[in-house]
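What follows is a set of notes on a single structure, which appears directly below.
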Amino acid sequence: MASYSLFPLTIFLLSFLSSLSFCSHAAPICRNSEEVQEVIVKYWLNEEKGDHIVGLGARFGEKLPEEKENATKLPAKIPNPADCCSTLREKLSGSIAVCPRGTCEFSVKAEVAESAGAAALLLINDNPDEIPVIDCPINKTLNIKIPTVIITKSDGNRFNNSIGGNNNVELLLYAPARSIVDSSVVFLWFMTVGTVACAAVWSEFTASKHGAEVHDEFSPKKPKAGVDDDEDEIVEVNLMSAVTFVITASAFLLLLYFFMSSSFVWVLIILFCIGGVQGMHFCITSVVSSKWKQRKVTLPLFGEVSIFSLVVLTLCITIAIFWCVTRKQSHSWIGQDILGICLMITVLQLAQLPNIKVATALLCSAFCYDIFWVFVSPLIFKSSVMISVAKGDNSGGESIPMLLRSPKFHDPFGGYNMIGFGDILFPGLLVAYAFRFDKAKMKGVEDGYFIWLMVGYSCGLICTYIGLYLMDGHGQPALLYLVPSTLGTIVGLGIKRDELKDLWNSTLEEISRSNRSLGGA
C-alpha cells in the first residue's frame, strides 16, 4: 500500500527531472565567465595557401577544436542578403558564412546563418585593426550551436573580395591553446640583461693597450690637440637633463600619437639606421683597436683614417640597408636587434651619470613618465598613448624600430615579445655608474654594487613579464618594476654600508682622486 502511495510522487519527480533536462538544451549557450577563444583562421584561395589570420571566438555557440587536425576545411560563402540579418535566400550547408559587422546584433547573424545550414559564421569587423569581444546578448535566450568568429577588416579584405565567381576560397578555423611561457621570453631576457652588462663593462675590455697616453676614465674625455684619439667626448647627465626629459619625451610621444603615419615612421627608420651604423662601427672598431694597431691612410675631406675603420663602416652601412629593405621579413628581427644593441652600448659609453642624486631625478622622472603614458593616458585620450605608438597604429603597416624584439618561437598565433630602448638605457645608466663606482672605490664583487644592480635589474625584468602575464598581455610600463629594483637596490645598499653620502653627492672623479691621494699617503 505504501509503495502505491509513492507512485504519484515518483511520476512527478521524473517529470520534473525531464523538464530540467529539456530546459538545459534550451538554456543560453553562453560562456561569459570563461576566457574568449583566440582563433586561427587559415585560408586558401584557389588551392593556394595564404597567411593565417588571428580572430576571437564569440561567447555563444560551440567551441572550436584546439587541434588543427580536428578542424575541417570548408568553403567560404557570402550569404544573400550579405548582412546575415534576415532569412537567407539560399542554403549554406557545409560551408562557412562570411558576413560584415553591422545592421543587426551578432547573435541574430549567427541564428540566421545557422538556420541556413552554415557550419560556422565568420564576421568581419568594420575597424581595420581592432577585434571586439562578442558577448551574449542581455535578456535573450540563445540556442546557437555553430561557432562564431570575428576578425579585423584589414585581415578580412585579404580573401573576402575573392569569394564568389570562379574563385574558390576555403577556410579552416581552430583555437589552439597558448603556452604559459614561451621560450622567446627567456631569450629576450638574456639578450636584454646581456646588453646592460656588456655596456657597463665595455670600457674595461676595450681600453687601448697601444696608446702612449693614459686618460682618466672617470672624467669626461676631451679631444686634445695633436692626439690621435677615436674616442668621442663623454656627455655627463645633469639635473637639468633629468627634468627636461619628461617634457621632451612626452611632447615627442604625443607627436607620434596624433601624427603617426608611414612617412613619420620612415623618418624614425632612417634615424635608427644612422644610429645603428654608428653604434656597430664603434663597437667593432673599439674592440679591434684595443688589441691591434691599425694602418692609416690620408683621404681628402676625411683626413687620416684607418683602413680597417673604412672597411667596417662599409660593412655596417650594408647591414643597415639590408635590414631596411627586408624589415618586414620574418628574419628582420635579427638585424634590428644587432643594430639596436650596438646603438645602446654606444649610447651608454657616451652618456654617464655623475652621482646618485642625478640618477634619482632621472629614473624617477622616467618612472612617472612610463606609468602615466601607459596606465593614465587612456583616461584622457581614450587609449594608451604608449601602447598605441609602440604598436604603430595608423602607421600604414610600418613599425617603430626603437625596441628589441624576439619572435614567439612556440606560440601558434605568432607575434613578438618586445622591450623598448628606454627600458634598457635608463636603468643601464645606473648599472654602468655602479661599475665605475666600484672601480673608483677599488671594490670587489661581493662588497661592490655592480653585481647587485645586475641582480636587481634581472629580477625587475622577470617581474615585468609576470605582470604582463597576469594582465593578459596588456602592455606593461617596464620601468614600474625596473626603477625600484635598481635604484632601490643601490640606495638600500648605500644606506646599509654607510656610503650613501659618497653615492649621492660625490663625482667619480673626486672619489678616484681621493683614493689616489690616500694610496700615495
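Glycine residues also receive a Cβ, built from the backbone N, Cα and C atoms like all the rest.
Annotation comment: TrEMBL describes 1-26 as signal peptide. The domain 'PA' feature in TrEMBL is assigned to 84-158. Taken from TrEMBL, the feature transmembrane segment covers 186-205, 239-259, 265-289, 301-321, 333-351, 358-381, 413-437, 449-471, 477-495.
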Three or more CB pairs closer than 8 Å, sequence separation of 6 or more: does that hold for the transmembrane segment (265-289) against the transmembrane segment (333-351)? yes
Please check if the transmembrane segment (358-381) comes into contact with the transmembrane segment (301-321), where contact means 3 or more CB pairs closer than 8 Å and the residues in each pair are separated by 6 or more positions. no
Which residues, given as numbers and ranges, are at least 6 beyond the ends of the transmembrane segment (477-495) yet have a Cβ under 8 Å from it? 356, 359-360, 363-364, 366-367, 369-371, 373-375, 386, 419-420, 422-423, 426-427, 430-431, 434, 449, 452-453, 455-457, 459-461, 463-464, 467, 502-504
Name the range, of those listed as 186-205, 239-259, 333-351, that has the largest tally of Cβ pairs under 8 Å with the transmembrane segment (413-437). 186-205
Listed stretches 186-205, 239-259, 333-351 vs the transmembrane segment (301-321), most Cβ pairs under 8 Å: range 333-351
Are there residues at least 6 beyond the ends of the transmembrane segment (333-351) whose Cβ is under 8 Å from a Cβ of it, and what are they? 191, 195, 198-200, 202-203, 232-237, 272-273, 275-280, 282-283, 319-320, 322-323, 326-327, 401-407, 416, 421, 424-425, 428-429, 432
Please work out the helix, strand and coil residue numbers for the domain 'PA' (84-158) from the DSSP assignment. 14 helix, 14 strand, 47 coil
